[in-house]
Amino acid sequence: MGNCLHQAELSPSTENSSQLNLEDLWDFPYNGNDSFPEINYDASLEAAAPCYSCNLLDDSSLPFFILASVLGILASSTVLFMLFRPLFRWQLCPGWPVLAQLAVGSALFSIVVPILAPGLGNTRSSALCSLGYCVWYGSAFAQALLLGCHASLGPKLGAGQVPGLTLGLTVGLWGAAALLTVPITLASGASDGLCTPIYSTELKALQATHTVACFAIFVLLPLGLFGAKGVKKALGMGPGPWMTILWIWFIFWWPHGVVLGLDFLVRSKLLLLPTCLAQQVLDLLLNLAEALTIVHCVATPLLLALFCHQATRTLLPSLPLPERWSSPVDTLGSKS
């Protein structure tokens, strides 16, 4: 953020020096052998100096952005190929159309990572940056909502128990994700060649809406799933949300939602940081949380592959041999 949002306070030595200037020195007799009291100017300058934070994701981090983007695109493309490959066992995964959409969301995120990366010169326009943030957060919101539905509905997604559910989920969840990206799309642009959110009084409402959306989707949603799982298990009301390895996805976005909320409170002066060090720690956490979100585009396809491998390894031995090969085709027909 650049500067600490607290007022600089003078040290006791500085306050004493000011009193000497105003009171004692007025009537202080001067002769050639006497000297004026020493004033600690260094303490005053240090207290009034602005607080600067070093950006962890500066121009030197461009290779990290590019590497994550390339690996994410390759991994997501591989998972999509396996999911749509005819007569392949991954099509037996419960809710594989939802899993395919997760891979699509990860691929979209990977594609826009270089657009928002620093160190690519000053050629990016505000429109391109706004589009980049729209896809960046839109794909993340869609993945989080898809994971929530996959956990809530569980095997129903793959058993054909709810006709037309896949199409309804696709339209509804991606539409909701697109609406949630409107605030950050309008409150972002290019500054000195870098894509960045725009913080101003006029756009404060948009930034607040975006912060609330991130906190609700990335923080409250996984906490709600865990809470529902625990409550239902404790009360004996059923298994609750379907807990799988895919829930690890939220680890990559949960810190971002928390730190983004803290940063907004500080910018709005609803939360005052006592020291410059606290401000620098918050800025560092913002950069680390952003780096963790970038890593998710590589981790998500790996989680999908591991989930499909575990699901098919458990499911295939329980199916008769002819049904093992007919099930993917039947699944495709029932979902179309």
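Placement of Cβ uses the backbone N, Cα and C atoms for every residue, glycine included.
Feature list (source: Swiss-Prot):
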TOPO_DOM  1-63  topological domain 'Extracellular'
CARBOHYD  ASN16  N-linked glycosylation site
CARBOHYD  ASN33  N-linked glycosylation site
DISULFID  CYS51-CYS276  disulfide bond
TOPO_DOM  85-95  topological domain 'Cytoplasmic'
TOPO_DOM  117-129  topological domain 'Extracellular'
DISULFID  CYS129-CYS195  disulfide bond
TOPO_DOM  154-166  topological domain 'Cytoplasmic'
TOPO_DOM  188-207  topological domain 'Extracellular'
TOPO_DOM  229-244  topological domain 'Cytoplasmic'
TOPO_DOM  266-287  topological domain 'Extracellular'
TOPO_DOM  309-336  topological domain 'Cytoplasmic'
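Using a 10 Å Cβ-Cβ cutoff, CYS276 (disulfide bond) registers 17 neighbours. With a threshold of 8 Å between CB atoms, the same-chain residues lying at least 6 positions outside the topological domain 'Extracellular' (188-207) that come near it are 115-116, 118, 120-126, 128-130, 132-133, 264, 267-268. Of the disulfide-bonded residues CYS51, CYS195, CYS195 has the largest number of other Cβ atoms within 10 Å of its own Cβ. Within its own chain, the topological domain 'Extracellular' (117-129) is flanked in space by residues 57-62, 65-66, 69, 188-190, 192-196, which lie at least six positions past its ends and keep a Cβ under 8 Å from the stretch.
Looking at the topological domain 'Cytoplasmic' (85-95) alone, the prediction's average pLDDT is 76. DSSP assigns CYS51 (disulfide bond) to coil in the three-state reduction, placing it in neither a helix nor a strand. Counting residue by residue with DSSP, the topological domain 'Cytoplasmic' (229-244) contains 7 helix, 0 strand, 9 coil.
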